[in-house]
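Chemist: Pulled from Swiss-Prot, these are the listed features:
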type	residues	note
BINDING	359	Mg(2+) binding site
COMPBIAS	33-49	compositional bias 'Basic residues'
REGION	30-49	region 'Disordered'
REGION	128-155	region 'Disordered'
REPEAT	180-201	repeat 'LRR 1'
REPEAT	203-224	repeat 'LRR 2'
REPEAT	226-247	repeat 'LRR 3'
REPEAT	249-270	repeat 'LRR 4'
């Protein structure tokens, strides 16, 4: 078992690496269901790496290995191979190759059964390790070594397995169900192949496969993006899969004792592990794209019903797409010039009536998307985030914001508005004396863009909201209040839109705005503008990156229409009436993908996979008829995260088709004149 109490205190007796304790005398595996690693739900932060919990992995003591020279080359190894050191390479004695030889020597000393488990057990004699005992004793407070064990919620109690020196020729697939494992020792066996299911162990930080008969590694090895140590000493490996380029956290790759090809060997000898991994990543070929996402038809109604398609996508702006955030992505796939073309291609292929993009900077909107999408009959509305105000023009180009596009031949733009959550909050009458509004909310410059559209042909009107909320999980209260302010402002706008005058001359709008006016001869006469009795009767789409998972406070407020003032996400902070009397809104909103139980994810990276993006709609005015489905599951077995060559952002696009329900507005009765009784 692992224990955190004495980490770093137990150097292995043979001079090997310092370990956290684990024991092999375990009556049964403990359930992984209690293992809840902390994750950060957004790409701006979830790539921060944790610091090492132990000292340098290979601290040599004054024991036998301390006297071993870098040229330690035993005449015979377990698999019959001999040390493969090119003495004629001048660089062979640099620091990188010296480390290889040192680690290889250590590995060859560890060929006995359960070497690492036994060494740790020997080192920890007299120190109480969390004992195997009935569950009822787990929360005891008395420890034999005199320390006091604090009560805590159940957790995974061990994280390492040592199957070293067992003569294993194959591995049971059940081994790879222990996805909580952080260390796995399979060294000095007789394995000739590694199962593809190794890719399931995505928490592995240390994997030792030394002293086997491996000739290759599966592509799925690239899924182990938490790996820091990968030991392959003394196998028969000649080449490495390009997918190892995904292992951006790998510090040490042990390959001495393998007939590795000259190009790869030269990279690691001269420049070390990081350089080799970078080489594999940058030289990675573009694999076949996944199958197209299924178009899931939910309601195959008559084509005569008014239909509207809506697409929402967080595009991942250039300033956020850094190699420090996305170290697993090849630089050419991370470049904005490449990714923007992928985004544009997807938008054109779906040809949605309405498109909502988040994280689009001003330069990309004005210099690329607006120009390119104009060829596809799109008109756009854009606002940058609040920080752009007061900046020099050139600097402001890099500030991202929200861009909403709509088909100019189908819709008339009646109004457009921008909601700055922080500025709106401080203008509220009840904001006075509420420090949290100023200290936590006002400093965040996130926005929503609102457009009010009318269908030229049918007269139906639509409110389209495009929002991007704050990401940090430590600011749940901020996300909740941003959502509450968003709903308040939409309520006010919708009430005004219900009183909006009708369009009196749609033909003029059509000829002046629509491309290819000559086609208008075949268009039916447009219907009059539809009237609505109240704001909540106008069809509403609310799209965006809400940075909130299903079941969160922000999600529940949108879905349920109300939230208590005592919600724990508020953390007893003061936000005026919003924290005193609670939050409400009048709309009957549903998530479009709620019809299929939501997608598996909308944001996909090695450390985070969750649902953050939504297309909300008012269920009293609209009905979901079709959706763009999941990303192919088989494709994801070899892809640890987005963006990549096929997906331009860490978020995926949401795309849905809606049917407009029957009119809910004012009913105008026809006058047939005097009637006979």
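Using the three backbone atoms N, Cα and C, a Cβ is placed for every residue, glycine included.
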Chemist: Please spell out the DSSP helix, strand and coil residue counts for the repeat 'LRR 2' (203-224).
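Modeler: So the counts come to 5 helix, 3 strand, 14 coil.
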Chemist: Treating G and I as helix alongside H, and B as strand alongside E, what does DSSP give for the repeat 'LRR 4' (249-270) in helix, strand and coil?
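Modeler: Final tally across the stretch: 9 helix, 3 strand, 10 coil.
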Chemist: Per DSSP, what is the residue tally for the repeat 'LRR 1' (180-201) in helix, strand and coil?
Modeler: 5 helix, 3 strand, 14 coil
Chemist: Residue 359 (Mg(2+) binding site) has how many other Cβ neighbours within 10 Å of its own Cβ?
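Modeler: Its Cβ has 24 other Cβ atoms within 10 Å.
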